[in-house]
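TrEMBL annotations:
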DOMAIN    544-649  domain 'STAS'
REGION    1-24  region 'Disordered'
TRANSMEM  134-156  transmembrane segment
TRANSMEM  177-196  transmembrane segment
TRANSMEM  202-221  transmembrane segment
TRANSMEM  256-275  transmembrane segment
TRANSMEM  282-303  transmembrane segment
TRANSMEM  379-398  transmembrane segment
TRANSMEM  404-424  transmembrane segment
TRANSMEM  431-452  transmembrane segment
TRANSMEM  472-503  transmembrane segment
C-alpha cells in the first residue's frame, strides 16, 4: 500500500503539466483579448457620415481666420496662385517657345476638327482660345494642351446629327452643339466638386484603347471625303456606310488634283514626324509641318488658280473675337434631354482622355495631379466655352506631346497658344480662303496613327482576356455600329465582368506554411500544408451579398460535408471536424449573406462539425451582431486570425481526448 506522501506525489501535477496549464492560461487570456477586439469594435461610420465627412474634410477649419479660409479656397480653385509666385523670366521663355510651337499645330488641327464636328472652321479656332485660357488658371497639369480633339468632334457630329441635320438646318445643329457642351461642362464640374471622379472609371483603360482605335479608323475613312474632294457623302459613321459612300463617289466624276495635293502633303507631314522622332533636337519640325503644309498648299492653289479646276477650298472663315453664344443655348426645347445625354457621354469621354494624358506627362515630370481638380477645371472651361461659341474641349495627346517636347514649364504655354490663335483669328482668316480642304483631311489623317495602339491591345490580350473583350467590343461597336453603341458595348462588357466576378468569387482552401502561423492558398502555394481535421477557407470577395451568397454557401458545404471523405481528409483518413472561414477580405455583408452563413452553420452542426470565423471586417461583425448571428454560434467561435482559431481548436481537441 502506498504511503500518503507517495499518494500526494502522484496526485501533484508534473513540471511539464504545470507549464502546459500555465501556457493554456496565457493563450486563453490572449484569445479573450483578441475576441474582445473583434467583437467590440467602435461603431462603423454610416454611408451618410462618410459622405458628409468627405465634404467637411474639403471645407476649411473653423479655427483659422476668415481670410485664411478664402486664401485656401482660392489656391485650391486657382492653382496658378501657387505656382505663379515662383514664376520667372527663364520659365516664360520656355513657355513662349512651347506656346508658339503649339499654336502652329493647333491652328490647322482646330480648323480640321471643326469640319469633323460638322461646324464652320472658325468654331474650331474659337475652341482653341477661351477653354485654354480658363484651364491655364484652374488646371493643375503643366503639359496638357487644351482644345478640340478628333474623337470628341466625331462623337458630337455622329450623335447630334440624329436630332438636327447640319446640312439642312445648321442653326439648330449649332445650338444643340453649344447646349450639349454646356451640359458636358456642368457634369464635369459636378464630378469634380462632389468628388465623383470614380464615375469616369466606368470606361476602363481597355475600353478606351478599343474605342480610340475604332474611332480613329472611322475618322480616317470619313477624311476620304476631303482627300478625294467628294461633294455628297453619308452622315453615318459606321464603316460599312462610309465605305459604300466612298465606293459610290469614286465611280462618279471626281477631281484627282485633290487627292494628289492631299497625299503629297500627308507624306510630307509623316516624314517630318519621323525625323522629329529620330532626332529630339528637331521636335519643332513635326509641330510646324501642318501649318507649313497649309501655307504652301494655299500658295499653290492661289498661284495656279487650282480652285477653278476642281480643287475644293475652305473659302470664307469668319474672324474676330469669340462671339457670345449664350442666347443659343436651349433648355426648353424638345431636344434638351438628348442634349443632356450627349453632354454626359462627351463629358465622360473627354475627362477620361484628359486625365489619362495629364497623368502620363505628370508622371514623367515627377509630380501628381488631382483628378477632381482637373474635372472641376474642365467643367468650368466647357461651361464658359459654351457661352463663347466653343464646343467641347479637352486635353489632346498629340498636342500635349508637342508641348512637352518643346520644353514647357507651366500652363502659360496654353495662354501663349490661345493668344496666338486669337491673333490668327483677327488678322489671318482672309488668307485661308484658298486653303484646300484636302490639306485639312491630311492633317487629321496624320494624327490618327497615335490613336491606334496595337501594342497596348496586344498587352491587354496577354494580361487579361476578359478585359480584352471590353477592348474589342468597343472597337467593333464603333467600327460597325456607331460611337455611342461602341461605348455602350464597352461599358456593358465591363459591367458583365464585374457581375461575373461577384457571382462566382474565388473560395480558396488554405494551408499552413510549415514553421509559421501564415495560412495561404494551397493552390497558389504548394508548400502550404492542410491541417488534418480542418477545412480552412477564405472568401475572396469584398461584398458577401445576395449575388454570390448561394454560390459561397454551396461551395463551402460541398467541401465540408459532401466531399470531405475524399478531398478534406488527411493521409490517415481523418475526417474534417472543424471548418474555419477566413473573412479578412470581406468588407461588407447583406442579409442574404448572413442567411447563407446561418445555413452553413446549421448544416455543419447537423453533421457534427464546428464552424469558426477569422477576422471578419468592421461592417461585417457589426451586422452579424445586429442580426443575433453571433449569439447563435457563440462569441468563442470568432477569432482574430486563422492561426488563433486553429490553435484553439487543437487545444480543445487535446482537452477532450484527455478527458
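The chain as shown is numbered from 1 upward.
Quick reminder: no glycine exception, Cβ is built from N, Cα and C everywhere.
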Open item on the list: Within the same chain, where does the transmembrane segment (431-452) have neighbours whose Cβ lies under 8 angstroms from its own Cβ atoms, ignoring anything closer than 6 residues to its ends? I mean 6 or more beyond.
Closed with: 108-109, 111-113, 115-116, 121, 150-151, 212-213, 215-217, 219-220, 223-227, 229, 258-259, 261-263, 265-266, 269-270, 273, 290, 293-294, 297-298, 301-302, 306-307, 311-317, 397-398
- [ ] Please work out whether the transmembrane segment (202-221) lies in contact with the transmembrane segment (404-424), by counting C-beta pairs under 8 angstroms that are 6 or more apart in sequence and asking whether there are at least 3.
- [x] no
Task: Taken over the domain 'STAS' (544-649), the model's mean pLDDT - done: 85
Open item on the list: Looking only at the domain 'STAS' (544-649), how are its residues distributed among DSSP helix, strand and coil?
Closed with: 59 helix, 15 strand, 32 coil
TODO: Grab the same-chain neighbours of the transmembrane segment (282-303) for me: Cβ-Cβ under 8 Å, and only residues 6 or more beyond its ends, written as numbers and ranges.
DONE: 101-102, 104-105, 107-109, 261, 265, 268-269, 272-273, 275-276, 311, 313, 402, 405-406, 431-432, 434-436, 438-439, 442-443, 446
